[in-house]
Amino acid sequence: MATVIPGDLSEVRDTQKVPSGKRKRGETKPRKNFPCQLCDKAFNSVEKLKVHSYSHTGERPYKCIQQDCTKAFVSKYKLQRHMATHSPEKTHKCNYCEKMFHRKDHLKNHLHTHDPNKETFKCEECGKNYNTKLGFKRHLALHAATSGDLTCKVCLQTFESTGVLLEHLKSHAGKSSGGVKEKKHQCEHCDRRFYTRKDVRRHMVVHTGRKDFLCQYCAQRFGRKDHLTRHMKKSHNQELLKVKTEPVDFLDPFTCNVSVPIKDELLPVMSLPSSELLSKPFTNTLQLNLYNTPFQSMQSSGSAHQMITTLPLGMTCPIDMDTVHPSHHLSFKYPFSSTSYAISIPEKEQPLKGEIESYLMELQGGVPSSSQDSQASSSSKLGLDPQIGSLDDGAGDLSLSKSSISISDPLNTPALDFSQLFNFIPLNGPPYNPLSVGSLGMSYSQEEAHSSVSQLPPQTQDLQDPANTIGLGSLHSLSAAFTSSLSTSTTLPRFHQAFQ
């Protein structure tokens, strides 16, 4: 059996004790058994002594791995704390002003500005406010130094320079001269000394002339970040407030269900060239449909009509009538009738050629027979006069819109060849609806209508322009095909002359 010496029992018990997280009141702090050989400081661990030794050698083994960052640190903890500044996420938020910070100590220093018990000191000469009395007295001393007065405003002592006066003001701020830090970091290019290495690096821009901080509003450059921040608050305060108030997701100008006048909706579209309109990707609520009617009639079972605003190039955005403001409702000059041809909106990602084909298939399916054509033509002759009279009233309102002309001109290029798409257009189209013309309106008189009904040409040749593959020439032939097929029906007289 093993024997245990009573004298060693206490040592065994001490080694078996589980170390507690908190020290008791009677216990003293751990001894600093690791003194520095170069100074009088001592530390309680080898790691802290090693970190301290870097202050004597100038070594900084922990370097930042970012490409444009040249900072290095004496400990791994300080490097990790610095790496948070390269992250776009700021996790520490102020509860008073919602300002975000990368580090917790920066937030803690910022919270002192929101202390309600702290009085502010306002300068009567320039109106600036200061949170600390020391900063306020320094500011007053600067005003006195600029005027040539180097006397202390508290004890009326005179000094030889402004720097000595500012050092003296610290004694009146409740700080003893012994507690003042030593400026042990000296600049390599001048005699100035600073408290920290950070202040030295910030001062170096005076000698290097580097200006790495660019203002995003006026392209002015600065050597220090605090100078850029001061410039932004002073010169671009309105821009900063505008950025804070804007939402994250900007509204698309073509977003539907917005009660905006149609004229206002057309402005952002009309300001764009046609090449940008063709290359711009459309949202799911905006379809490219060259043959959409401006108004889509619903079923007659009491359902409300859905208004479709006709944009240039046939871009349509359905707007519910309930969501439109009463002041924005359109006054329809021509009522809905059986000639309102309802066209189904194509799928979201259907190409342009597929849209035209599906539309033409619907036209072929909805065209009446030849016998019904003759009956429709005879009945349309009877009701032609009142229709012409109603159109004559709006002759001044209906004209070729400038928007359609300005958009069709850039499309007259050889690159946009849609001639193959129009080869299979049927000769028999739906009856003419004055509302389906959209923005392409024409004006004519009543006397011209009777003469043109009886003397319509069978077909008109295309405009022989090699550069204009599509444009007014193809639209001219397309309109002639419809007018020749409908003969004396309710088509608009001299429809082809509007595109000559």
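Including glycine, each Cβ sits where the backbone N, Cα and C put it.
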Practice item. Tell me which range among 213-236, 237-260, 285-308 Swiss-Prot lists as zinc finger. Key: 213-236
Review point. Any residues 6+ beyond the ends of the zinc finger (213-236) with a Cβ under 8 Å from its own?
Key: 202, 205-206
Check your understanding: Using DSSP, how many residues in the zinc finger (62-86) fall into helix, strand and coil?
Key -> 11 helix, 4 strand, 10 coil
Practice item. May I ask for the residues of the chain that lie six or more residues beyond the zinc finger (150-172) and have a Cβ under 8 Å from a Cβ within it? Key: 134, 137-138, 140-142, 144, 180
Exercise for review: Please indicate, using numbers and ranges, the residues of the same chain that are 6 or more beyond the zinc finger (185-207) and have a C-beta under 8 Å from a C-beta there.
Suggested key: 223-224
Exercise for review: Select the range from 34-56, 62-86, 121-143 that forms the most Cβ-Cβ pairs under 8 Å with the zinc finger (92-114).
Suggested key: 62-86
